[in-house]
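Visitor: Feature table excerpt (TrEMBL):
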COMPBIAS  1-21  compositional bias 'Basic and acidic residues'
TRANSMEM  31-48  transmembrane segment
BINDING   44  Na(+) 2 binding site
TRANSMEM  60-78  transmembrane segment
TRANSMEM  99-130  transmembrane segment
DISULFID  142-150  disulfide bond
TRANSMEM  217-237  transmembrane segment
TRANSMEM  246-263  transmembrane segment
TRANSMEM  297-318  transmembrane segment
TRANSMEM  330-356  transmembrane segment
TRANSMEM  389-410  transmembrane segment
TRANSMEM  430-453  transmembrane segment
TRANSMEM  465-484  transmembrane segment
TRANSMEM  505-526  transmembrane segment
TRANSMEM  546-568  transmembrane segment
């Protein structure tokens with residue numbers, strides 16, 4: 001490959017950039033808000049609050065905070081430092097350890113799968129956003145699309161009552177015809193579905209019976225998916241120079257909406273019940289004795305911070321070399337976790353009101369994931385005065401939360417392309433960015449068929465789980481144990497300045513022992529407790545589960561393939577080949593010569609270096 005760059009102007013770089021070839025963030029704010037937008041996503045709103053109430057209320061914040069310090073922050077800081085030091089994306093940065101370059105490929109492929117289905121969720125939010133522009137929300141009542149099971153209230157089927165001094169059990173029509181009263185706690189209810197649930201399944205998704213029944217493409221969801229990809233493409237057409245400005249709105253405005261929803265929710269009857277259910281009138285400290293609680297805390301932190309996806313490395317690679325990535329990592333991680341806690345109050349205050357209005361316990365209206373975002377919360381909003389306004393604000397917030405995470409995911413893919421084909425990307429950045437968006441749009445069409453939600457759930461179940469954990473475990477083992485933790489610390493000190501031994505004590509403890517052990521524990525736990533994917537009560541066919549396994553195998557198979565390729569291309573006997581592949585490549589180090597100092601004065605200029613590249617059919621490995 002020829003690394004020489006033409007003099008054509010790249011929109012990604014400007015005359016004021018420290019790195020004129022790759023480009024830099026226009027200012028620190030662009031970077032920080034892009035990182036916050038990437039880390040703060042839909043999971044902060046639809047998963048964390050549910051986990052909190054499920055795992056002991058306020059007591060859950062103890063393992064959550066500990067896992068942030070022990071697993072989340074160390075990995076986050078490591079990836080930010082890695083990308084900033086080398087100014088390279090998630091694949092090229094593995095010049096640090098050529099044997100493990102397949103880990104970078106795994107991260108990029110998983111990010112590609114996630115980008116496909118994540119934009120489908122954004123399309124759902126867009127559909128509900130447009131549906132909110134009506135005087136009466138279409139899911140506020142059982143309209144023409146509803147069936148006999150649809151009801152706004154729970155319907156009693158039978159209960160116990162006192163008749164002539166004796167307790168009798170009878171159906172509810174008999175009770176009412178005889179002017180009797182049900183004894184508290186003895187009522188059985190008919191299986192009914194609320195309007196918002198039937199609207200989600202019958203109208204929005206037109207959901208089929210299972211993965212076997214693909215059905216037709218739902219045209220309005222396909223149009224919403226196209227619109228969401230057009231928004232992503234427009235925001236990224238100049239790379240970080242354009243997306244860095246868009247995030248000032250997409251990353252900050254969700255906080256305004258959350259605050260509005262919290263203030264409105266706090267003024268409603270029953271809000272206190274919801275908040276008490278969230279944090280707990282008396283937090284259940286005994287829950288901390290259960291291993292499941294600690295596993296949930298570690299898993300939530302791990303996925304919430306978006307570590308091991310490749311995005312943190314990609315975004316940090318556009319920093320200036322001497323940027324303080326240490327303070328940035330702490331700021332973004334704390335902001336992410338504080339957002340999760342804050343969102344819980346906004347969500348549960350309004351769910352508490354819904355429980356009050358519908359005369360149900362809060363536990364029956366609380367849910368997580370799709371059911372919280374598109375069933376439970378819309379149902380609650382439909383009961384408020386001026387319901388369309390609150391519905392619009394909520395789905396606009398979901399849209400923004402999804403978009404800025406998607407911006408960073410696509411930037412990860414384009415950064416990878418830029419590092420491999422810099423000349424091509426310099427001349428054709430806009431067509432390539434748009435081409436990536438168009439390709440992923442067509443790949444996502446299967447997710448907007450009538451069986452689309454099953455595909456979304458399948459990709460999420462497999463790709464966004466073990467693959468990321470495997471990549472994270474290998475990443476920390478490779479950098480700390482093979483490349484060398486102390487050597488990596490010296491690299492970081494070249495950027496942020498010399499620090500004391502005491503400063504590094506905590507990070508050494510985490511990187512060398514605590515974090516790898518925690519990640520391995522989560523991985524083993526996930527494998528041991530594996531259950532076949534389901535969507536609600538719908539079981540997946542055997543071939544569907546097999547497709548899921550094939551997806552995850554396709555993601556991680558590159559790790560051994562690339563390792564074998566590297567060893568085959570190396571010289572010497574087997575042992576010598578493995579040792580040479582465990583050493584950094586000759587062109588590993590700071591991107592710019594002015595930052596290399598004595599430690600990297602030997603570096604081979606990447607513009608001239610060709611000997612260490614290993615081309616493959618994928619084009620990824622070099």
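In case you wondered, yes, glycine gets a Cβ from its N, Cα and C as well.
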Visitor: I need the CA-to-CA distance for residue 44 (Na(+) 2 binding site) versus residue 142 (disulfide bond), whole Å please.
Guide: 31
Visitor: Could you name the stretch, out of 246-263, 297-318, 330-356, 430-453, with the greatest number of CB pairs under 8 A to the transmembrane segment (60-78)?
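Guide: Result: 297-318.
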Visitor: How about the transmembrane segment (505-526) and the transmembrane segment (546-568): at least 3 CB pairs under 8 Å, pairs 6 or more apart in sequence, or not?
Guide: no
Visitor: Are the transmembrane segment (217-237) and the transmembrane segment (389-410) close enough to be called in contact, which here means at least 3 C-beta pairs under 8 A that are separated by 6 or more residues?
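Guide: With 3 or more qualifying Cβ pairs, these stretches touch.
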Visitor: Just counting, how many other CB atoms are there within 10 A of the CB of residue 150 (disulfide bond)?
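Guide: A 10 Å sphere around the Cβ of residue 150 (disulfide bond) contains 18 other Cβ atoms.
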Visitor: Which range out of 99-130, 246-263, 389-410, 465-484 gives the transmembrane segment (546-568) the most CB pairs under 8 Å?
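Guide: It is 99-130 that shares the most Cβ pairs under 8 Å with the transmembrane segment (546-568).
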Visitor: Tally every other Cβ atom lying within 10 Å of the Cβ atom of residue 142 (disulfide bond).
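Guide: If we count other Cβ atoms within 10 Å of residue 142 (disulfide bond), we arrive at 19.
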Visitor: Can you work out which residues elsewhere in the same chain, 6+ from the ends of the transmembrane segment (99-130), have a Cβ less than 8 Å from its Cβ atoms?
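Guide: Counting only partners 6 or more residues beyond its ends, the transmembrane segment (99-130) has Cβ contacts under 8 Å with 42, 89-93, 204, 220-221, 224-225, 227-229, 232, 308-311, 373-374, 378, 391-392, 395-396, 398-399, 402-403, 405-406, 409-410, 412-413, 416, 440-441, 443-444, 447-448, 452, 455-456, 459-460, 463-464, 467-468, 470-471, 474-475, 478, 482, 551, 554-556, 558-563, 566-567, 578, 581-582, 618, 620-621.
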Visitor: Counting CB pairs under 8 Å, which listed stretch among 297-318, 330-356, 389-410, 430-453 touches the transmembrane segment (246-263) the most?
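Guide: Selected stretch: 389-410, with the most Cβ pairs under 8 Å.
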Visitor: Considering pairs 6 or more residues apart, do the transmembrane segment (330-356) and the transmembrane segment (297-318) have at least three CB pairs under 8 Å?
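Guide: Answer yes, regions in contact.
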Visitor: 10 Å Cβ neighbour count around the residue listed as 'Na(+) 2 binding site'?
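Guide: Excluding its own Cβ, the residue listed as 'Na(+) 2 binding site' sees 24 Cβ atoms within 10 Å.
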Visitor: Other than its close neighbours in sequence, what residues sit by the transmembrane segment (297-318), given a CB gap under 8 Å and a spacing of at least six beyond its ends?
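Guide: Hits for the transmembrane segment (297-318): 19, 22-25, 31, 34-35, 38-39, 41, 43-44, 47-48, 51, 55, 60, 63-64, 66-68, 71-72, 75-76, 79-84, 86-90, 93, 104, 107-108, 110-111, 114, 240, 325, 333, 336-337, 340, 405, 408-409, 411-412, 415-416, 464, 468-469, 471-472, 475, 518-519, 521-522, 526.
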